[in-house]
Structure formats: C-alpha cells, structure tokens
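A.B. asks: So Swiss-Prot has the following annotated:
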COMPBIAS  70-132  compositional bias 'Low complexity'
COMPBIAS  252-272  compositional bias 'Low complexity'
REGION    331-338  region 'Important for inositol polyphosphate binding'
SITE      22  site 'Important for inositol polyphosphate binding'
SITE      26  site 'Important for inositol polyphosphate binding'
TRANSMEM  401-421  transmembrane segment
TRANSMEM  450-470  transmembrane segment
TRANSMEM  492-512  transmembrane segment
TRANSMEM  521-541  transmembrane segment
TRANSMEM  676-696  transmembrane segment
C-alpha cells in the first residue's frame, strides 16, 4: 500500500486538515523534477543552435566583422542580426534547479526582448528593441539562464515555506490538543481521588448521602459540590494544564517529577482530602451533558472509568498523529533526494526532530499516569486486565471462516427463498388471503413480515458500515460506540446472513408442511423463529456481541423515554430508523393476539380489531420523534426543532386520516370519498415537507450558492451523480403511499401485500438516506475538529434546592446587615471630624487625602472627598493626629498585635475593638 493511501486510512478523519499535506509536497517535488528536465533540454537546445549558427554563415559580410575583443567600432555600427520568436526558445515552466552559464565570444546568445529573442551570430553583442546595445559580459547576455536561476530559487523558497507552514500547523494543533487532553486528565484524576475518599465506607449509598456523611472532612468546601446554576461548558481553545506548564520541550525528567509530585502519596498538598477539595472546587468547570442529580456512587464510578478510557484513547490517537506526520516528513525528504539526487534528508530529519510535536514527552508521562491510576483504582492492581481494557484493539480483519459462513448461509437462504416462492405460487392462494389453504397463512405471512423487514434493514446497515468504514467516517463519535467493543460490518453481515437463513428455513418448512400436513404442527417453526430472535436480542450471557446488543437496547430505551432525557444524535438517528419500521409494531400486535386467541379458537378476532389498533401503533414512532423535537426545543430554544415537530405531526395526521378513510366507520360513500381526498391532500403536503427537510436539513444539499450545482461545497463521495440520483430516487420513494391509492379496489386482506411492498420501499429509502445523513454529520464534526466525546460527570450537591435558596437568602440578609453597619460606622467617623457647630475642622493648609494617599505618602491639593454620605473638608495635621491615635488604640486593644491599617480604623477610633470593625 502506498503511503498516501495508508495516511488517509490511518488518520483521524476529523483532524484531516491538520495532517501534513503529503500530496501537495509530492506535486511540488514533481514540478521541481519537471523544471530540472526542461532546464537540461534548454541547455541542449542552446548548444545545438550555437552549432548551427556558427556552421552556416548568414551572409558574406559576417566573415568580415572582427571579433568583439578586436573590434573598435561604436555601438551605432551596423550589425547583422536574426530575430527569432521568443516562444521557440524561452521555457514555459518555472524550476528550482541551477544551471551553469558560460558564453564565448563566438557563441550565439539569446535574450528576452518584448516576446522576441535577438541572436547575434558574429559580433557577440546583443541589441534589443528600446535598449542600448551591451557588451558580451552584460547580464542581459545571460538573461535566460538567470531567469531560470531565479525561478529555481523561487521554487526552492516555495518548498521551504511549505515546509515551515506544515511545521507550524502541526506544532500548533499538537500543542492545543495536548493541553486539552492534559486538562481533562487532571480533572478526571481529581474527581477519581475525591470519589475514592468519599466512597470508602459508602459504596452502596447514593452520592448525596455519602457526601453528607463526609461533609465534616470536606469542611467549608462542601457547598461547592455540583450546582446546576453554575455549570459552564469549558472552552476547549482556552484549556490549560494545571499540572504541566509549557516550559518548552526539553526536560522530560522535570515533567516526570512534576507529575510525581501530583500523585496522592508525594506531598501533603496532594493528599486524598486535598484532591477531594480540588475536585469539588473545579466541579463547576467540568463539561457535562446530563444532570446527575439521582446517580448512585456506582454509576458515577462507571462514568469516571469510561471518561478515563476515552482520555487514554485520545492520547493514543494524538501519539499516532505524531508518528504519521514524522513518517510523512521522512517520505517527503526521501522523495526529494531521489528526484534531485541530493542528500538533504539527513538535515531535514534533524529539523523534524527539533519540532515541538516530536520533542514533547508530556503525553508519555500522562499515559503512564493514566495506566497507573486506572490499574490501582478500577482493576485492583491487575495491570494485564487494565491494559486489555485501556488499549483499543487493532483493525479487525474477519477470519476466513466468518467470510465463508456468511457467503454459505446467504447462498442457502437464496435457494430456500426460491423454493418458498415456487411452493406458494403453485399451492397457495397468495394473492387472495381469504383462501383456507394453507391454514392460518395470513397470520404466518404477517409473522414473517414482522421479522423479515428488520432483517432487511440489518443487511442494509451492514452495507452502510462497510461503505462508511472505507470512507473513514467516525461512527464512534457519531453513534457513541465504544471503540473497544464495537462490531464491524463483518459481524453485522454474518449475523444478518444467519438470521436470513433461519427466516427462509422457517418459511419453507411452514409452507411445505402446511400443504402436506393438516393441523397446527407447521406453526411450530415460525414460533421457534420468534423465540430464537428474542433470545439473540435479549440473551444475558456474554455471547453474540452482548455489549453491542445492550447498547442497542439502551438506545431504544432512550428513544421511548424521549421527553425525559436529553436527545443525542444516536437517539434521533435510530428514532428515524424506527419510523421506517412502524409496520412492525402493527404486525407484532397481530402476532401476539394470534398466539393468545385465534390459534386456539380458530377465529378472526385479531383481524377484526387490527384496523382500530393499527393506526395507533403506526403513529408511535413519529410520536416519539415529535417528542424528541420538543425536548430539543426545550434544551436549545431553537425554532427549527418546532418545524421538525410539525413534520412528524403531519405524518401522524396522514396516518390517522388514511385509517379513517379505509375503515368501515364511514358508510356513506360521499363521506368516504371526502375523507380519502383529505388524506391525499395531507399526504402530498407531508411528502413535500419531508422532502424539503431531507434535502435542506438532513443532507445539507440544495445550496444555491454552492460551487457544486444544487449540492454543497464539501462533498464526501467522489462522484456528483450519486447525489443527484439519491435526490431523485428519494423523491420517488417518498411517494410510495400512492400505491395504496392505486389498489384501493382490493380487499383489506389482499392489501397486506401492498403494505409489504411499501414497507420494503421505505426501508430501502431509509438505507439510502443514512449515507448522506451520516456524511453531513461527519462533515460537521470535521469542521469543528471534533473526534472524541469525553464526558466527565460532576459531583452532586449536598443540599436540596430549597436549602440552597434558604442559604442564598441568609447570605443576602447578612450582606445587607454588613452594609448597614458599615454605613453607620462611616457616619460616626464623619461626625467625629466635624466641630461643635457642625463645621468642618479647618487648618492653615487644606489638603484632600485618602487612606491610600496617606499610606503612599501622596496627597492632593484642596478639594473634597466623598465617603458615600459624608462630604467634608479637613486639615491634614488634624487628620494625621487622628490616624496616629487610632493606630495606638488598636494596638492596645489587641494586646500589642500587629493590625493592618484600614479605613474603618480611621472612622472608628473609639470603637476599634468592636466586632464589626474590619481590621
């Protein structure tokens, strides 16, 4: 694999613009090579022209012209000249190579003069238009070579400037990310140590109770625990490390000592209690996405554990960023040496070794610190288990048996499906479900439809993962996957092939046995299919990708609790998938009713109640998405989410209107036609609304000012026709509801085939929609250079909100009392400075000074001083006496202790020992 493809495959996609522009350097080196070749060709052509011109005289007078060294003729003397167009000799490209320039008196010389080159074949001097003739040693005589030399120097400077720009870019980005990751680690470390201190004897209690028990140890800092009113989102551009200072790169040992001092056992200032106090003090500045008001200690511990694992993955990615850039620079210098046949790679790599992103050893220190803290805190000192959990596994390559089983199961499934279609066409009234042969065929059809549509979506999702992994789309960030336990497209396709084989086997056995055997035995196989699928989804054992299954269950649990939890991308992304599977809920209700009632009574109760329950169940997925939009509007206060709410409201209205139009509630044909017309109008409006949202919001296309016609500026897929094709097909598949109008004359049971067709079309449309939705989200993250999603949980408040409000009221009352007391003291001090008649004390020298002026030894000439309420004039001498007297009284009242000077000591010279004086 070439390094360019290797770099594109291994790089963090969100940091793509921050890597070395390897292709640009390759192009620059190729241009240098091309310039060198053209320069050699120019020298060869010049010598050939010289030979031809000296061999063939132009006229007889040329032989009579003496050489330049022997000629004494003036510049105005007539000379024989030949004019040749410039484009036949002058090069057209700029180069960075050097050329030797030497010319003899008998050689032919060229010069650039207003798009023409004049060649003097005899005299050696060149005469150009609008210029005086110059001697052979003139710089114009060597003009073409010097022009090439200047072009070579310019290209070399361009290469050097590109190199310096890349150094600056890589160093700046590396330093920024390094500071951010170190800041995150310090925050996590403080909270881990604080939690270890708090949770020693309270592992089974809530964090609120544990903190209330440990509040005597925390002292006055207990009120600094989590408070939602002071939470701020940290600005990543201003992140600084509190444990590691930017003192250059040299001195990894000093960094190690600095981190050794920050460990709990290194100094008294870093003891567990001190770390707890620091964690509490910095809790308000941590980045959080949820309110952990009811979290248990164990959940907080797991959150910190995941945060530390994510921080470790960030550091590993930044280290790989360094190594890839080093390899890129080495490849560039080697290619430069190969093309120019030089030996500059050694000096170039020395220059690379001096860069900050190579010399910095802070990440190594942090990496060891994380490993040690994680091992001792979460793995009880077992380093092997800790490293197995911290390290991200390498890229998964499916073993041959997995690929073989996937292909084998897919092939057998296809064969079984063909046999099923053959049996149903020959023996089953597949178009008219009212036929009694085979028994309960309609119920089994709906059962297999309920399972088959999600299996089809699973196949589509595996293909989606295959394409996105090849395009290096960061699904770990977008969907919130764990990089250590995630499944790849190999696993998804293998699971889909296995489920497809079970599905076709169940359908084949039921169809074959139902034709040849009477009774309920054939229904056993569809029932076993349901049992196997439920076991695979909810299996509690650590088999069949349990972390991924639990992640999916957790995601759908968040979807169903939409109004009560903040909405993440994975929530509304899989909520959209769920809207395409709305028919599955209706089939699920029918299947449950069948196994509970109709299977044993041979009745059709389920079919009679299905038209009334079906619209309610079909409206559940869009209702959940509408509630998610309301929650996002509540959190963000953006009106765009209310527009999304309107889209799903129209979808629900269209579903309800369609159910009413097709139900038996309307006996009058005119009312039924009117309801049908209303449904068509609502469906058209809903389709246009949804298409506009798909193109403008979800895909980000239809930009009128884009450089790509009706698309957007940045496209992730290479071929533009893919976007236009997707826009057309998405429009057509959005209108799949019109099929129901075309087959309105069919019976309600026969329409179940139409429902199957529309469901397959909708799932296919969603499959296509997913590509461009994930692309748009990925480009948004790339624009923000966001590659990781690290969430640090905050510590809870020890008091309820009512107690907090009471505390705030008490603090406000205390502040008001202190202000009133200060005002009274100021009035007392002002009255003391007034005479018996209420006039200010006046001396010979009037000067306005303040306490600061007195301390600094400065004063202002006559004026006034505003002491909040008292405004007066005073004598400087009397003021000095008052201050000295006040200082003496303060010393006596405080047992000769040194008391700092304050303005209150001046105002309260008779009350210096009072409790309210601010000494």
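Glycine too: its Cβ is placed from the backbone N, Cα and C atoms.
Can you walk me through where each of these features ends up in the structure?
C.D. replies: For the region 'Important for inositol polyphosphate binding' (331-338), the predicted model reports an average pLDDT of 89.
In the three-state DSSP assignment, the secondary structure recorded for residue 22 (site 'Important for inositol polyphosphate binding') is helix. Under 8 Å, Cβ to Cβ, and six or more positions away along its own chain, residue 22 (site 'Important for inositol polyphosphate binding') finds 3, 4, 7, 328, 331, 332.
All chains included, 16 other C-beta atoms sit within 10 angstroms of the C-beta of residue 26 (site 'Important for inositol polyphosphate binding').
With a cut-off of 8 Å between Cβ atoms, the residues of this chain six or more beyond the transmembrane segment (401-421) that come close are 490, 493-494, 497-498, 500-501, 503-505, 507-508, 511.
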A.B. asks: Per DSSP, what is the helix/strand/coil residue tally across the region 'Important for inositol polyphosphate binding' (331-338)?
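C.D. replies: Tallied per class, the region 'Important for inositol polyphosphate binding' (331-338) gives 8 helix, 0 strand, 0 coil.
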